[in-house]
């Protein structure tokens, strides 16, 4: 099979690594990719926002499957444009990608199908939103409706903070994404990420993870796209997975089909596990980053076989096998992240750091004058497996400490909740 992978992050490097291991693969292309992905695939200078150019490339190279990594192209309808030319693609249609592209759409779907989630209001004017905040009180959560690269959510502990977040949305801090907002109740519990592989009709559980959103040790500082993750998530017991499928995933699949937008691709549910059970925080319509990296470390099966089954509507006849071990990834970021990251600093020792049970996935990297340099905010993902989360953590940090990059930083406590649980038991 000839496969084209779209994207350039650590998530896409993990997907490329796993796809490259498949006996089904003839040739893997990636656009635009990064130096790490370049070790697994031929990099192509394609503008992935130019759907006609992507389509033409697929026709020229006889691409059998396109795998879409990031959310932007999906929400923009790249899967529809490729399917219109009879090109097989793993990823939801534009209509189905609204589950990520519009938080308000998803909240309304939850209300219609009795899917447990936080109480909410949808607003497209500042005065009404502020009135709702004043009436409800804090703590309260403010979300830009559209795509904001994981940075459009404010957990406001005071009404003043909530009002400032609303001002930011309506003043254009998130562009068109903030033209409408969702204001919702503050939920308490433990967060978890739950993934399903979907073919429009069937949804199969595809692993659990927990990530660390805040930039600093001890979960302090501003939110990021994610500073690390581990899998599996201890809070997602077999009973909790069964409830999540029954109460959240299956009604969503049914609802989307009834709306004429059956969901096929990866459905990523951000959950709050409360004392009353699982509640939906939000949906993403692609693999998480950095959650994908730990899932790929644990996946025993051939990823390409599973993606084909999803594209061909064959998941009812498919099962998924996992390695009986944990995985943990630590994000190395450039100084200045999540604000304006410093680019161009040289990174040494990456090859020497990888080893048995350790993979280093590239995100914001580039080659400059033969040297590996930082070229983004989140730059490397040091990913390790182990019998326990604690063992994976030890391996990951030992590898990370072999990387020579004075201008990079990371959190030193990724996996702390799970490790504390393991020690207590």
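Just so you know, glycine gets a Cβ as well, placed from its N, Cα and C.
Quick look at what Swiss-Prot lists:
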BINDING   133-193  ATP binding site
BINDING   282, 284  Mg(2+) binding site
DOMAIN    107-312  domain 'ATP-grasp'
REGION    214-233  region 'Disordered'
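Sequence features annotated in Swiss-Prot and their locations in the structure.
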residue: 133; record: ATP binding site; Cβ contacts under 8 Å, 6 or more apart: 140, 156, 159, 162, 163, 166, 183
residue: 141; record: ATP binding site; Cβ contacts under 8 Å, 6 or more apart: 118, 153, 154, 155, 156, 183, 184, 185, 186
residue: 149; record: ATP binding site; Cβ contacts under 8 Å, 6 or more apart: 225
residue: 157; record: ATP binding site; Cβ contacts under 8 Å, 6 or more apart: 138, 139
residue: 165; record: ATP binding site; Cβ contacts under 8 Å, 6 or more apart: 142, 154, 156
residue: 173; record: ATP binding site; Cβ contacts under 8 Å, 6 or more apart: none
residue: 181; record: ATP binding site; Cβ contacts under 8 Å, 6 or more apart: 122, 123, 124, 129, 142, 143, 144, 145, 166, 169, 170
residue: 189; record: ATP binding site; Cβ contacts under 8 Å, 6 or more apart: 272, 273, 274, 275, 279
residue: 282; record: Mg(2+) binding site; Cβ contacts under 8 Å, 6 or more apart: 100, 103, 106, 143, 270
residue: 284; record: Mg(2+) binding site; Cβ contacts under 8 Å, 6 or more apart: 71, 100, 268, 270
Where residue 141 (ATP binding site) sits in the secondary structure, as DSSP reduces it to three classes: strand
Three-state composition of the region 'Disordered' (214-233), taking helix and strand from DSSP: 0 helix, 11 strand, 9 coil
Mapped DSSP class for residue 165 (ATP binding site), helix or strand or coil: helix
Average pLDDT across the domain 'ATP-grasp' (107-312), rounded to a whole number: 94
